[in-house]
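Reading through the structure tokens given below for one structure.
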Amino acid sequence: AAQPPEEQCGEGGLTPASSPSHNRDTSENHQKSGHGGTQPTNHTKKPFPVLSFDYKHVKQPFEIFLWVLLASLMKLGFHMMPRLSSIVPESCLLIVVGLLVGGIISLVGEKPPVLDSHVFFLYLLPPIILDAGYFLPIRPFTENIGTILIFAVVGTLWNAFFIGGVLYGVCQIEGTNLHTVTLLPCLLFGSIISAVDPVAVLAVFEEIHINELLHILVFGESLLNDAVTVVLYHLFEEYAGVGTVTVIDVFLGIVSFLVVSLGGVMVGAIYGVLAAFTSRFTAHARVIEPLFVFVYSYMAYLSAEVFHLSGIMALIACGAIMRPYVEANISHKSHTTIKYFLKMSSSVSETLIFIFLGVSTVAGSHRWNWTFVVVTIILCMVARVLGVIGLTHVINKFRIVKLTTKDQFIIAYGGLRGAIAFSLGFLLDSNRFPMRDMFLTAIITVIFFTVFVQGMTIRPLVDLLAVKKKQETKRSINEEIHTQFLDHLLTGIEDICGHYGHHHWKDKLNRFNKKYVKKCLIVGERSKEPQLIAFYHKMEMKQAIELVESGGGVKLPSAMPSTVSINIQPKKTPSERALPQISKSREEEIRKILRTNLQKTRQRLQSYNRHTLMADPYEDGWNEILIKKKKMIEFEKRISQMNNYLTVPAPPPDSPTIARARLASDPQAWSIKPAADAGTIPSIKVDLASPQTPDSVSMVDEFGKPASRVPREPEDEEEGLMMRPPLGEKGEKEEQEEGKEQQRLLRCLSDPGPAVAEEEEDEPFLP
């Protein structure tokens, strides 16, 4: 007999909540039973499901975006409470939120999610590092690259070996219950906990607005120590099971560090150049311009991770290299999209990281050891302080701007640890490292101590010590001009001194960039545009956008009271401008003159430095001889040109009694005015006590013929200049003739000529 309709309905489950797949399976069973049996089956019409529920189908993306929404709401609520944000850093509040959420999930009976290292390194960390690398301040970073590398490489090595070595010594003390921990696991733990975390540094230092020098030193150290951390982590993890490390292993570790760091930079540079070259051809597809920036950057990170290179350094290199060329090619809308998308993704990733740190603390398994945890916190602080003081003592010997005691304190106090250390500890295999839970507990404790204690107290300490803060000033054309002028000036000084310093190599790199790289990576006339003009266009665009956003050009109703006075003058038409119109050829000629004479330093002909200036002891003496000989030749030419002037007698003086005749080449010469009354005026004798008076002079007559050399008589030397009474008409004529001869003689004496010019030429001539 056929089954009643009620039973079929019950077996089919025709309820509004039944899924379509369940209904389809039931109808297929009915069809099979109808074909196999002799009794026919009755098909009933099923109502269409109005509402269905299938959470498993969307569980994973739903939970991901639920966490993102929760993190964003927490961030929004945090900034709506200014009093709280001025005391507690944002990272601390997010960790507290994570702890509360993890506790609630545990109370409900569910297992809280743990911050998976795979998710952290592949999805959460890259947006933060790309944002930091793309907007990295290149000038302060390159000017302090030596200091940053010393802190990142030498400082991290010191912290890792100091913490690991002392911890191993503490573990061997009886009563600590840590005698099973050997040296290599301790060194592995030291390499994990010693690295400064860029996420934590960004979260804290951007809130306190520290000055640019300290910010770039600490943040640059946190970025570049990734290579040291990766090498030490893999080295100690590899040899922890073996138990012995040979000299060859140490040598291979050093080579591995160079390969990891330089290889990461090389991979990032290649992808950065590819991104810049691709942006040349996106003029007709502006919509996908931002996509190339994100895809090429992420490909650089993944390519570096494939070979266990430094993915962080690859992202930093890729972002820093591509930015100037990409921004010259893409539109302004694409630039705005890239900027805000990077800021948004890095902010969301940072928020999720700190929340999941709190959740993982509740969810993870822990093994608490008071000795190990307390000693780890103390050693982290001591190693950081000693490393900063010791390295700064060496660095200040080579720095022009010295790091003060306050700067050293902020650098040491700002060494925060974060999620990178937790993820590296989470990656450890519990079978090979039985102490993994204890390591994770100590790492989380150090992270909480640095983020909460140091992060909350660094702002009051900065205010207390009066550390210089970042000045929020906009760059101007005046500042850009002076900066470029000082760069060219310092490059020229280094070029003259023969010193291959920072500015010399920077100038070489800029020349190479302008001559070759820009032509290949920048499309159109922008490749030939000077840096100052490009900066002016950028400022002009920025001011125009700010003007539009502030409501410029919009007339406010007179009835509405306004506290903002907007004074915007209408833009002048080209006919109203006072600037003269310059032709293209003339403009190109002016640019060529400026580029040749102002922007390029002179070509090097011969290099001099302070070590080789006195290499030839006779070089200075020979140069002096040549200079004297040249001066002598010029002096003889001048004398030959002045022969006519030397032999012309001076006009008779009117008054005073003694008149002076002065030429450009001779000292003072004195002539005698004949007096009318000879008896009333006494004679005055003046000695010619000149050390430059020669024994014989060469007299030249007024026709230019050389006269015989006239020896000086002793009487003339003793007589000097005499003023005598008149002697009558005959005596007056004789006196005038004698005065003329004496005047000619004095003129010749005042300029003895090249024959005696070298004798005591520096002493003064006193007539």
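Cβ coordinates come from backbone N, Cα and C, glycine included.
Taken verbatim from TrEMBL:
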REGION    1-44  region 'Disordered'
COMPBIAS  22-31  compositional bias 'Basic and acidic residues'
DOMAIN    69-462  domain 'Cation/H+ exchanger transmembrane'
TRANSMEM  88-108  transmembrane segment
TRANSMEM  120-136  transmembrane segment
TRANSMEM  148-170  transmembrane segment
TRANSMEM  182-204  transmembrane segment
TRANSMEM  216-236  transmembrane segment
TRANSMEM  248-271  transmembrane segment
TRANSMEM  347-364  transmembrane segment
TRANSMEM  370-396  transmembrane segment
TRANSMEM  408-427  transmembrane segment
TRANSMEM  439-462  transmembrane segment
DOMAIN    559-660  domain 'Sodium/hydrogen exchanger regulatory region'
REGION    690-767  region 'Disordered'
COMPBIAS  727-744  compositional bias 'Basic and acidic residues'
COMPBIAS  757-767  compositional bias 'Acidic residues'
Contact ranking winner - 88-108, 120-136, 347-364, 370-396, 439-462 against the transmembrane segment (148-170), Cβ under 8 Å: 370-396
Look at every Cβ pair spanning the transmembrane segment (216-236) and the transmembrane segment (182-204), keep those 6 or more apart in sequence, and say whether at least 3 of them are under 8 Å. yes
Stretch of maximal Cβ-Cβ contact with the transmembrane segment (88-108) [cut-off: under 8 Å; candidates 182-204, 347-364, 370-396, 408-427, 439-462]: 347-364
Contact set, same chain, for the transmembrane segment (408-427): CB under 8 Å, 6 or more residues outside the stretch: 114-117, 120-121, 124-125, 151, 189, 192-193, 195-201, 204-205, 210, 214, 217-218, 229, 233, 353-354, 356-357, 360, 380, 384-385, 388-389, 392, 436, 439-440, 443-444, 446-447, 450-451, 454-455, 458, 461-462, 465, 467
Result, the transmembrane segment (347-364) in contact with the transmembrane segment (120-136) (3+ CB pairs under 8 Å): yes
